Ligand code: ADP
Ligand code: MG
């Protein structure tokens, strides 16, 4: 089994010691229970406060007992011993392996409450909005019993509402929303705009999904660039201008200026008033200048070439196309407009963070999942986390059948439909797990041809899915789902109300069918775990064909001879072993991809941390003013005479932050390009990651210098008055709207490119 690797064996000794100690503590907690039962609520709370005073728990057994009694009083759930044990393991910072239906929500809430009692701020991380809301609502009575506060972050909340929730002791939130708030808080220009408060602990539900499967999914914050790119009309007007009379370049040909005649011509052609009045100075004038710059100073085949409908820069010193370079977006767009190409205007990425980088920011991470053991290696390697296995409250009665193997996909698909029909004919509920949305829809279509009613779930609407999956155990139900659709929702036999429970039990419980083995056994087990909750009967069965991805990818270059029987079915232990082998190969490949990709991300995350440290200094001190005043003392003296220090601090802050953020965004774009092309560039000598490191580190050094030089430049020239620095006059406005999305092209998920998300926040 995948979990029993060298590490697991090596850690076995310590783990079983931990477990033994935990069980002893739980036993002790049980004996204290009766005594605590006699206390009234206020006394119980006082007891808890005592136990946790001083920032740590003095007697874990007593704390568990207090939490248990409180859960009984507030939620009508008295924790099973295994739940108390899991709570303790969470409090000690482990990932607990605990099967589906064992009550991980309560475990997470008890641990969160325990942490919060010691004065720690806790984030309970869920996989979606629906579960954050559900769990927060469900667990509120327990948390509030102790006088602590709890709230849920969901997509719809305004910044103001978010600020309120983040001020709570315990915050439930979907991982992506929490990440988006981190990104947005990294772009504030005044401390009062921040919505998050630092958290001490993350308790991650479905821990392997978040920490492993989706670890490399980037969360992206993008913004518009107000007035940066010249529109076609402006480019046309600029084309009619006469050099010398309408505009003049400076001697070094680094800038170009409109003359009064030129300005008048442009105003006339565009039918507007003065280019220099407030309406136009930050927008139209900037665009005209960009278009002029593109026309006069950037020469085709000298500074750039046009290739495949795109502008490609030429590296002047080497006379070659510089694939990795681009001009600032406004200029790039102006040149594209000049050449009549599609203008690649639009949003630019302001910042991005992967879920893994997000999670490692928390000083303490712990979590729970039904498939932790299988993720032991990754949890240790990437998060330095240990896994504690918690026994089931009731013995598992699910029967996991041996795979059914077929030579071809077509034969496999036919057999899957036959199998579902046969089971369905008896009334036994069936849950089918497919690999992707397309497969789930095709299968549903084929089943409907046989007049079978099918519910299809494919990760589009969490709340709706929860409702459907809750009924998946009902008599005669067939539910076709993609991986983890509807996750977190309990599947009760006989329907959500368990009305037909007895009949479904008699029929054998929930039948779980996997249409192929996943690239890791862990994902297979996530699906299997949907059946057999809390001692329910059930069975699981996977279908495999030799044409499946896992077999072709994992068995590449290996030959296996087979002799299929009727319908292409292959009943052979040797072939089943071969499939296990293929899966182990793909698991190894995924781990390798993960650790390689993380190396790239880690470096970017480290650099981001440095930037954020610098930002904090600018936000919280007078560092910005001091740096600028030191570098441009004349300007500083001039301003100091007119304006208060407070105003000057604010202006300096805005200028520095603008250029720092801008430089970071450029840096990210550049690193993205570097990474895309690094494999082409690494000419045998250097490994791609080393090459990437070299470039990233060099560019990062330059970033700081550029940001400072540009800030000083702006400081010298920009209008500064009581309202601060008028950056917009120079086309340096911050994005007026930002939006967030999650890029789902991570190599571990195996699915294609899809961008989920929408404009979620404006004008922050
Ligand atoms: P998991 O996340 O481990 O799959 P949930 O937290 O969703 O499980 O809980 C599954 C079900 O078990 C819920 O309906 C919950 O009400 C019930 N449950 C959990 N703990 C207890 C308990 N100690 N006593 C009674 N019911 C419980
Ligand atoms: Mg759960």
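Each residue, glycine too, has its Cβ placed from N, Cα and C.
What TrEMBL says about a protein is an automatic prediction, not a curated fact.
Listed in TrEMBL:
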- 4-576: domain 'SecA family profile' (DOMAIN)
- 83, 101, 102, 103, 104, 105, 490: ATP binding site (BINDING)
- 85-221: domain 'Helicase ATP-binding' (DOMAIN)
- 401-586: domain 'Helicase C-terminal' (DOMAIN)
- 440-467: coiled coil (COILED)
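Structural mapping of features recorded in TrEMBL.
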{"residue": "83", "record": "ATP binding site", "Cβ neighbours (10 Å)": "26"}
{"residue": "101", "record": "ATP binding site", "Cβ neighbours (10 Å)": "21"}
{"residue": "102", "record": "ATP binding site", "Cβ neighbours (10 Å)": "23"}
{"residue": "103", "record": "ATP binding site", "Cβ neighbours (10 Å)": "17"}
{"residue": "104", "record": "ATP binding site", "Cβ neighbours (10 Å)": "25"}
{"residue": "105", "record": "ATP binding site", "Cβ neighbours (10 Å)": "21"}
{"residue": "490", "record": "ATP binding site", "Cβ neighbours (10 Å)": "16"}
Quiz item: Three-state secondary structure of residue 101 (ATP binding site) from DSSP?
Solution: coil
Exercise. Provide the three-state DSSP residue tally for the domain 'Helicase ATP-binding' (85-221): helix first, then strand, then coil.
Key: 67 helix, 25 strand, 45 coil
Quiz prompt | Residues among the binding-site residues 101, 102, 490 that border ligand 2 - Cβ under 6 angstroms, in sequence order | solution = none
Self-check item: Span of 83, 101, 102, 103, 104, 105, 490 around ATP - largest C-alpha separation, Å
Solution: 17
Exercise. Check residue 83 (ATP binding site) against DSSP and tell me helix, strand or coil, would you?
Key: helix
Self-check item: Cβ-centroid neighbours of ATP site 83, 101, 102, 103, 104, 105, 490, 8 Å, sequence order
Solution: 98, 100, 106, 107
Quiz item: What three-state secondary structure does DSSP assign to residue 490 (ATP binding site)?
Solution: coil
